Structure formats: C-alpha cells, structure tokens
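Enquirer: For reference, Swiss-Prot lists these features for the protein:
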| type | residues | note |
| --- | --- | --- |
| CARBOHYD | Asn63 | N-linked glycosylation site |
| CARBOHYD | Asn209 | N-linked glycosylation site |
| MOD_RES | Tyr323 | phosphotyrosine |
| CARBOHYD | Asn365 | N-linked glycosylation site |
| CARBOHYD | Asn522 | N-linked glycosylation site |
| BINDING | His666, Asp668, His718 | Fe cation binding site |
| CARBOHYD | Asn696 | N-linked glycosylation site |
| MOD_RES | Lys704 | N6-succinyllysine |
| CARBOHYD | Asn725 | N-linked glycosylation site |
Amino acid sequence: MGDRGARPGRLMPMLALLSWAAGLGVAEETPGRIPADKLLVITVATKENDGFHRFMNSAKYFNYTVKVLGQGQEWRGGDGMNSIGGGQKVRLLKEAMEHYASQEDLVILFTECFDVVFAGGPEEVLKKFQKTNHKIVFAADGLLWPDKRLADKYPVVHIGKRYLNSGGFIGYAPYISRLVQQWNLQDNDDDQLFYTKVYIDPLKREAFNITLDHKCKIFQALNGATDEVVLKFENGKSRVKNTFYETLPVAINGNGPTKILLNYFGNYVPNSWTQENGCALCDVDTIDLSTVDVPPKVTLGVFIEQPTPFLPRFLNLLLTLDYPKEALQLFIHNKEVYHEKDIKVFVDKAKHDISSIKIVGPEENLSQAEARNMGMDFCRQDEKCDYYFSVDADVVLTNPRTLKFLIEQNRKIIAPLVTRHGKLWSNFWGALSPDGYYARSEDYVDIVQGNRVGIWNVPYMANVYLIQGKTLRSEMNERNYFVRDKLDPDMALCRNARDMGVFMYISNRHEFGRLISTANYNTSHLNNDFWQIFENPVDWKEKYINRDYSKIFTENIVEQPCPDVFWFPIFSERACDELVEEMEHYGKWSGGKHHDSRISGGYENVPTDDIHMKQIGLENVWLHFIREFIAPVTLKVFAGYYTKGFALLNFVVKYSPERQRSLRPHHDASTFTINIALNNVGEDFQGGGCKFLRYNCSIESPRKGWSFMHPGRLTHLHEGLPVKNGTRYIAVSFIDP
C-alpha cells in the first residue's frame, strides 16, 4: 500500500516537468548555427589563483564571454580533492540562472576553472553541442564517483564513456535553470551526486533531454584517461587529442590527481607553444626592470648542505650577478666545517657591497629543511623583501643576468634551467610517478636540450629558484614549507606549492649555467678539486687549464724553441700552485736515490727528487688529463702519430741547490715526454732549464703552466740545467713507453 501510495506523489512533479519541457521548442526555434555571442561560460571561483588566471587567459584567447560566480565569498563547499562537496557551486549557479531562465536562445556552458583550459573556441563548442540534438550535455567519465553503487542505474553505453562528470556541462539556459532548481541541499553536499541522480532517473533524463559527451568531443576529463590523450601539433596549433575516439575535446579538465598532466598540456594549449611560433606567452605580463626607478629588494639564500667542489668560484659568481648590490641581502647556511674558510673569504669580500649578511654555520646544527625554512622566512618577515632567490652550492650561474631575467618573467615561482654538462640531469621534473617521484615527460629531453624554448609549468624544481615576496606573505605564508611527511626538503616545498595551487615554472629562454656533481667528492686531500676531472670536467677545465689552451688549435701559438721540441700553454696558475701544494703537503720526496721501490726493478738509472702521481692517488686523473688535453696537441705537432695517452711514470720533480740542483744527460723511456713548469723562473728560483745536447739548444726561461713536448728515446738526449737558488718544480710524464 505504501508503495502504491507514493507513486502519484512522485509522478505529479515529473509530469509537470515533462509538460514544461514539451512547451519549450528551443531546438526547433534555433535553426542553423547558433551565433557565438549566444554562448555564456559560467564558472565559480571564490578566489583567484594561478589556475583561475590560466583558465581566464584561455577563455580570452578564444573570445569566450565568462561570468564568474562567488568572487570574494567564503568557500563552504568542502575539500573537493579529498572528500565529497561542491554543492555551493550548484547553489550559486541556481541563483545566477534566475536571470537567464527565460532566454531560450542562450546556451550556458558551466565548467570548473581552477583545473580547466580551453583548447577550442565558442563556434566549435556550439557546433558540437548542436550535433548532439540534446538540450543538456554533461562531460563523460570512465570512472564512477562518488557512489559506485549507482553503476547499474546508468544507461548502457556500447562505445564511449558511461558515467557522468559534473566538471563541465552545456545546455540551453531554460533547461539549465530548471535543472538546478532541483537543488535543495547544503553547500557542502555533493554536486556530482546531485547531477548523477538526475541523470540516472529515466524520467528526469528524458524531461531535461540530457546526454553525456560519451566520446569526449566537447569535454575531456583527464582522470582515468591519461593513456587516451596526447598532444597534437598541426597547422600551427596545439591541441589535446583523444586517441581512443579520435576526437579533439574543447574543454580539458585536470580533475582529481591529473592536475600535473593538465599543467603539461597547459604549456601548449591554447597555442601557448607551437612548433612554428615557439612560446606565445613568454613575453606576456612581464616586467621591464630598465623602467623601474628603485630595484626590487632581493634576499639571496645560499645553501651549502654538503662538501661541494669549486665552492669559492660558486660564491664569487654570486657577486658578479648583474644586479644592484644595495638591493641585495644575504642569507647563508653552511652545514660543513670544511667550507668555513671559504665562507669567511667570501664574506670579507661581499660585506663591502652587501650591507645585510646573515650566516648560519655548522655550529647551529640545523637540518637542511630547518635552514631552508629559516632562509625563506628571512624574506617573508621583511615587508620590503620583493623576491627570495634561493641558490644551492651545486649551481654554477655563468649568466650574470640570471636574476634580472627571472624577475622580469613576473611569475610567482620560477627557476632557471640548469643541467649537468653533457647529461640529461637537470633541476626540474616534467612529470611525476604515481608515488610522487621522478617521471620523464614527453617534452623533457626537448626542453633540456633546448629544442623547445619557453617558460614551462612543472611539478618539481630545485637547486635554484625565485619566489615573489608577496607570494610568501599570501598563499605561502606558512613557515614550515620544507617539512612534509618523509619527503626531502625540495620535494616537500614543491608538494606544498602544488597543493596551494601555486604554479612553478622553469625557464630555458637563456643559458643560465649548470649543475655540478657533489657525488664522490673526497675531502681527504689538500686541494680536492684537482680530483674532479671525471665528475665535473667543465669546471675542472675552467679552473685548471690555461686560458690560451684553445689558441693552440685556432691561432697556432705552439712554439718550437729547439728541433722537435714543442712549447705550449697547458696549466693555469692555479693548477700549478695546487699541484705543488699537494706534493709538499704529502711531503715524501724520493731524495734522488738510485734505489727506488716505486718502479719496476727497484733501480733508477737517472734518479730525480720526486713524488709520483700514484703516491697521492692522482694517477687516473693525470692519465685522463693526458688523453683529454695532451693527446690533441700531439696529433697537431706530430702529424700522423696517434698516442695511446698512457704513461707508467708520472711525477713532480723538485730541484733545489740543497737537494738536487740538476740532472745529468739522459734519454727518456718514452715515445714522447711532457715537461710542465709549475713555478716562475726569476721569482721562485734562478737558473734551471733544459738543454738538448744533440742540437746544442737550451731553454733557460721556462714559463709557468707551459709544457715542453719532445721525443723521448733515441733522438732527444737532454739534461736538467742547474738551479742556482730557490726551488723549481716540474711535472713530467713519459708517454707511450
């Protein structure tokens, strides 16, 4: 009895609804194509974040008319990412539709905005909508939520997606108005469930003439469909293509956990970057610092979290930044006692130009996360701090204009692209794996290698980045941004920024510098950088190879003071000094004795007072140096000879009147020999040099950092000329013995 009694109560409003729908002749009264100005986009945004601005920019690109509801209001619709909710959107739409309910020729497109971009224009949307021959079309989804128990109530779909997605729908204004008039719930109730229950009710579905966009012709929900969609470049345009249905959806929705994929698509759509024209948004909303009277104040955060090679050069490069020093303040965290001397030298130099310098040393015993929180807060708490520029010690900023370039891009968070030399290792990730770690995006290699140049919205960046001070005092006003669960500090920062809806960008519009490797950095030597030829070859070359080395091949500066004795620059002053220091620090000079356990047979016929490279662990480095820098010179001066770049004897010789002042005539046990002067005649010693007896030719003024190269056995009998006072050092290798 109860059931039979309930039927009339349910049927009466449904009959009224059907009668109302029959009275509307929207489809018949709108012959031909609907004009673009008859489409109104409605969205809800109680705040304006980066996602909202991206949505509005894409709408502006296609000349959509957009009405934003809820601006300035408190959001009471729940946490849509982690729970049901969203009812506030329905209420706001219900209120707004009272104004449009009678406009039978008006089409309403309701969509999310924080995680949506348009890929096509109003004409395309309306054309596709009209072809459905329905009054309301909802986005379709392959996933059923929030109530999986309703699956059986959905109409069967043979091709396409079966379930409703409330993130986007389009329909004639009277039908949309009547649909949302059904809402009588609370703001924190679920909008998805509300629309679902309307759709799965056969009578209501018929009354409202609702269908789903089963093949994603208009709406593309990315959640559950990431393997269906690809980026498509064609005819100067960038589109998202659904490869399952061969469609080009117009509104792309990064619902659920797919916001990172949407950010990737948003780097290209709508025509943000194309193969023909490159980056279309790079110069939009930028700042021209040349027109600014007072330069923005920048807090430069420097972080030395592990023993780092080439640190003095890193610090000195910070002082070469093309930015007014009076607008800089420094925050330095140094975790390593090993680097305290480098910091002191740097601060003594920097304090003359930079008035505010805060140093947090190893005695504070701060974790990396605590130190980074402190550095960021140093800017956050200073109302005059316009930007926070964080730089790790493993970043080599070779472009002095880096800071200016980043400021002028005018993004909340932006990082310059830096990579390891010759590798794909960089300071950003283009995608994330399901567990939140590195995954390679389709465009990662092209961005790293500079095949695609622009400003890229990415899920992770580290090592060096710029954050606007006003962002730290608004969206990111919490102090503890570098601690989250068990994540590394850099991952915690990026996770927090993503959750706050703050976009992070990477720029590869310029060459900014590179990353160095801190792996395998052994600090047991006196001058540890000398061992970095394998890990950081570019930095090693810059520090230790003579600046004129390249002129050997471009300007033919090789000299020939004696027949087949070639003379050329090879080492920098620093290389010479550090090699001598390293040998003296080791201190176990051989004394120039004939009996020598270091060599095969234990006897040296022409002994020198020396230390072998092998004794200080430098042998492999030295042999690599020979192959990389000596071998090319060999090919130039000894045409047709290809060296193996191998030497059994590599050593530094020490000449002094007190120990060994000269060396008697001899042939070297080599195909050819190199002899590099490590200090200056006239300054460090008097006398010395080398005489080639067969040619009666002497070289008495060796140049520091320059090498002799001459044949070894048979032709070039030679002797070491006496040192009169001081100490002379040379580095020698018997190559291809």
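In case you wondered, yes, glycine gets a Cβ from its N, Cα and C as well.
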Enquirer: Could you measure between His666 (Fe cation binding site) and Asn209 (N-linked glycosylation site) for me? Cα positions, answer in whole angstrom.
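Expert: Between the Cα atoms of His666 (Fe cation binding site) and Asn209 (N-linked glycosylation site), the distance comes to 103 Å.
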Enquirer: Specify the count of other C-beta atoms within 10 Å of the C-beta of Asp668 (Fe cation binding site).
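Expert: Result for Asp668 (Fe cation binding site): 22 neighbouring Cβ atoms inside 10 Å.
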Enquirer: Between Asn209 (N-linked glycosylation site) and Lys704 (N6-succinyllysine), find the distance joining the two CA atoms and give it rounded to the nearest Å.
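Expert: The Cα atom of Asn209 (N-linked glycosylation site) is 89 Å away from the Cα atom of Lys704 (N6-succinyllysine).
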Enquirer: For the Fe cation site given as His666, Asp668, His718, which other residues of the same chain have their Cβ within 8 Å of the site's Cβ centre?
Expert: Val606, Pro665, His667, Thr673, Gly712, His716, Leu717, Glu719
Enquirer: Within 10 angstroms of the C-beta of Asn365 (N-linked glycosylation site), what count of other C-beta atoms is obtained when all protein chains are considered?
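Expert: By my count, 8.
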Enquirer: Please report how many Å separate the Cα atom of Asp668 (Fe cation binding site) from that of Asn696 (N-linked glycosylation site), as a whole number.
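Expert: With the alpha carbons as reference points, the distance is 18 Å.
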Enquirer: Just to verify a number: CA distance, Asn365 (N-linked glycosylation site) to Lys704 (N6-succinyllysine), in angstrom, no decimals.
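Expert: That separation, Cα to Cα, works out to 44 Å.
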Enquirer: Could you measure between Asn522 (N-linked glycosylation site) and Asn696 (N-linked glycosylation site) for me? Cα positions, answer in whole angstrom.
Expert: 46
Enquirer: Reported as an integer number of Å, what is the Cα distance between Asn63 (N-linked glycosylation site) and Tyr323 (phosphotyrosine)?
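Expert: So the alpha carbons of Asn63 (N-linked glycosylation site) and Tyr323 (phosphotyrosine) sit roughly 40 Å from each other.
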Enquirer: Which one is closest to Lys704 (N6-succinyllysine) in space, judged by CA to CA distance, out of the recorded positions Tyr323, Asn696, His718, Asn725?
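Expert: Smallest Cα separation from Lys704 (N6-succinyllysine) among Tyr323, Asn696, His718, Asn725: Asn725.
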Enquirer: Which one, from the recorded positions His666, Lys704, His718, has the smallest tally of other C-beta atoms lying within 10 Å of its C-beta?
Expert: His666
Enquirer: A 10 Å Cβ contact count, applied to the glycosylation sites Asn63, Asn209, Asn522, Asn696, Asn725: which residue has the minimum?
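Expert: Counting other Cβ atoms within 10 Å of each of the glycosylation sites Asn63, Asn209, Asn522, Asn696, Asn725, the minimum falls on Asn696.
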Enquirer: Give me the Cα-Cα distance between Asn696 (N-linked glycosylation site) and Tyr323 (phosphotyrosine), rounded to a whole Å.
Expert: 58
Enquirer: For Tyr323 (phosphotyrosine), just count the other CB atoms lying within 10 A of its CB, please.
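Expert: Tyr323 (phosphotyrosine) is surrounded by 20 other Cβ atoms within 10 Å.
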Enquirer: Round to the nearest Å and give the CA-to-CA distance linking Tyr323 (phosphotyrosine) with His718 (Fe cation binding site).
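Expert: With the alpha carbons as reference points, the distance is 56 Å.
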Enquirer: Expressed to the nearest Å, what is the distance separating Asn725 (N-linked glycosylation site) and His718 (Fe cation binding site) at their Cα atoms?
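Expert: His718 (Fe cation binding site) has its Cα 21 Å from the Cα of Asn725 (N-linked glycosylation site).
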